[in-house]
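Per TrEMBL, the features are as follows:
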type	residues	note
ACT_SITE	191	active site
ACT_SITE	345	active site
ACT_SITE	375	active site
DOMAIN	109-268	domain 'Alpha/beta hydrolase fold-3'
DOMAIN	316-378	domain 'Alpha/beta hydrolase fold-3'
SIGNAL	1-18	signal peptide
């Protein structure tokens, strides 16, 4: 009997493992086994989060956030860059300043990490690698922002932290303290950080107290709207590596509340009230996506739901949370923009639609569409989750920053 039980356990374990590891991947993925293992590990953590949350032992995001804790590295200076943890405007930041004597005024990047407004931090190994590399290779001052996270803090806290740091840094006294050229400052971020960068860039233009204009914004697979979570990219990539549709819906809803009815309404697309249905034109993929991304999808206008959720959680209709909801007049004044989108990413169409709306508004945009990439790919540059693809995307992003900032 014991032998039978062991065999059964072995069988179940291997079935589970093969189910996890053999995630169906598109044919053009490089290093498919590596991608499968990375995806399998992350999905295991997601399932653990689900179980712990269900049993009432730990909040879903706290379990997912364990990844952040494991990945944390303290602020460590090296021969090229001085690294310190400090505060700007009462918000925690990790600051990177090149060691070599400045030849003149330096460039600067204010960076917002990803993690669905719920997880991640400036001190994660992969972010520390990216921001340190930006500082050294661009000879730039880099401010990596540790904005407060959901579920403890909700919108607009994440945005307000990101905004406060940027506004503080853009003061001429602060820029001169760090030897930064006021004409060469950029905001940048990936995923939820790309969302924050886009929102900060928009809102700075509305602020009469801010005199320094950003030179550029760099948005790496940003999340930009929650009105339509059934875009072609959401339909095609609902179960692709690193960011499933279910997890993105959870991130979006957690940004505003832990109310399960909000998550359910977002998942089914019934969260937008009738009086806000005019906003759907700002995210209408049938008019904003190029033909090659429309494929054979048929546009059906989302059906508005009741007004209750929008009254309780107005954030999802706010451009500070959903930058795609900004008017064309607001977009016109935005600076030079870099957008990276990935073919196999639920957020692909958010980025592509923003590119289209920015270009229509006359904003110069460099759009890098990575046909062989999935969400989060740019951060896979360190062992044991190192991918050729990650290096290629990061090199391309760095090259653009170097040429444009």
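Glycine residues also receive a Cβ, built from the backbone N, Cα and C atoms like all the rest.
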Alpha-carbon distance [residue 191 (active site); residue 375 (active site)] in Å: 8
Distance [Cα-Cα, Å, rounded] between residue 345 (active site) and residue 191 (active site): 11
The domain 'Alpha/beta hydrolase fold-3' (316-378), counted residue by residue under DSSP: helix, strand, coil: 24 helix, 19 strand, 20 coil
Cβ contacts of residue 191 (active site) (under 8 Å, same chain, 6 or more positions away): 114, 115, 116, 220, 221, 222, 223, 243, 347, 375, 376
Surrounding CB atoms that lie within 10 Å of the CB of residue 375 (active site), all protein chains: 26
Integer mean pLDDT for the domain 'Alpha/beta hydrolase fold-3' (109-268): 98
Assigned conformation of residue 191 (active site) - DSSP reduced to three states: coil
